[in-house]
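J.: Features from TrEMBL:
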REGION    1-39  region 'Disordered'
COMPBIAS  15-35  compositional bias 'Low complexity'
DOMAIN    63-447  domain 'Kinesin motor'
BINDING   Gly153, Gln154, Thr155, Gly156, Ser157, Gly158, Lys159, Thr160  ATP binding site
REGION    304-334  region 'Disordered'
Amino acid sequence: MEPSPMREPQRQSLNASADLSYSGSSLTSTNSSISHVRRNSSPLHPYQALVDCILAGPVDETTIRVAVRKRPLSAAERGNKDTDIIEIQPPRNVVIHEPKKQLDLTPVTESHYFAFDHTFGAEVPNDCVYHTVCLPLVVSMFRGGKSTCFAYGQTGSGKTFAMMGDQGRERAGGGKGRKGQPTGEGWENAGLYALAARDIFQVLAHPAFASRGWTLHVSFFEIYGGKLFDLLNRRAPVRCLEDARQHVQFLGLTEKAMVSVEDLLTTIAEGQSQRSTGSTAANADSSRSHAVLQLSLKGHACAERSAGRSPATSGSEAKSMLQHGKRNVRVKDSNQGRLKEPVIGSFSFIDLAGSERGADTRNTEKATRMEGAEINTSLLALKEVIRALDRKQNHTPFRGSKLTQVLKDSLVGARAKTAMLACIAPALSSCEHTLNTLRYADRVKENDASAVPGP
């Protein structure tokens, strides 16, 4: 059966809650959340409302948010007369109407009900998703937090479009993505990367922050086959290690300072063109790696200190001292002594490789099947890590995969905030995939079952 359309009421509801408005010195809100305030021009500054919220707005205590987004039926699905079986019931609920047959072959419909923090229908543009899910993370970033947003779902469910917008769609069509920033109505379906970059640079240009001298830096790498590759340096290998304080350090990772939205989007497009893709039975252009984009706000450069330790020596001095019988000589790091820019806050966007079953790689070579096994292992490890953090368990299994090791610093700490966007395909042919995705998202953050309506 095809569920009754819920589209127009949802669009009106989301538009009413997705924008920012400035009212005096405070933000007006229907539910005291940054994602539910209205954006209008201010006589002072077009982003005055966002700046006021960063400086003096309410603190969002939620550490993990889970949202679900349904994509439209594709041209191929419509050509095959595939049926839309997903009903979005905003603001929180999703219903899957799965056609089945009883033992006597009588057709029946089994309905599966799920509840999440936010749900979005196929007609909802990227900017509405951004204002509800990601904008609170931008606020947290400027307040010194560590924000993480990742997209999860089966291959071909719209993850890359959510992250990259029209750039990702052009890349899937065989190109390398359009460079430059969107203009006018192009922002409506710009990727979450671009929308976050726009707001970050607008806030940095505001008089309240321009005098602070903060700058935005970007690094972009992929995790493929359990190894890291720098997408901003021709896929050069990167090592991920822990230092003595158990902080994650990336050796050989390129980090670039950005000066504008266009500069950032051009850099991302160049890195995206280096990403590993492949063909499976489920998707002819499937991402075979996890892509991690890290945005870091940095302050004024300051000299790096080594308190409580003896002064470091240069390499030549250390060699001379060792030849004369000296021991415990601490050699100066190549980066030590340089001016170091302190990190104010960070925002990590993760475009996860598509989850898939073994049947989806049935006509491919062994390497592709091994890729799928590695992808599924890392996705399972990520789910277990986020569940452990949400439950505040004593042990968090970060060593379950390279993906979770890389994200350790982004996910832990009092100021860490995470948003998951589960992308689902509406077609009957993707029913099993869709149910698996929703069950995964439901297990990441076990929502109150009493909020789920019964049949």
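From the backbone N, Cα and C atoms, a Cβ is placed for every residue, glycine too.
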J.: Taking the binding-site residues one at a time (Gly153, Gly156, Gly158), which has its Cβ surrounded by the most other Cβ atoms within 10 Å?
T.: Gly153
J.: Using other CB atoms within 10 angstroms as the count, which residue among the binding-site residues Gln154, Ser157, Thr160 scores least?
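T.: Lowest Cβ count within 10 Å among the binding-site residues (Gln154, Ser157, Thr160) is Gln154.
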J.: Count the other Cβ atoms sitting within 10 Å of the Cβ of Thr155 (ATP binding site), across every protein chain shown.
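T.: Thr155 (ATP binding site): 25 neighbouring Cβ atoms within 10 Å.
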J.: Within 10 Å of the Cβ of Lys159 (ATP binding site), how many other Cβ atoms can you find? Include all protein chains, please.
T.: 27
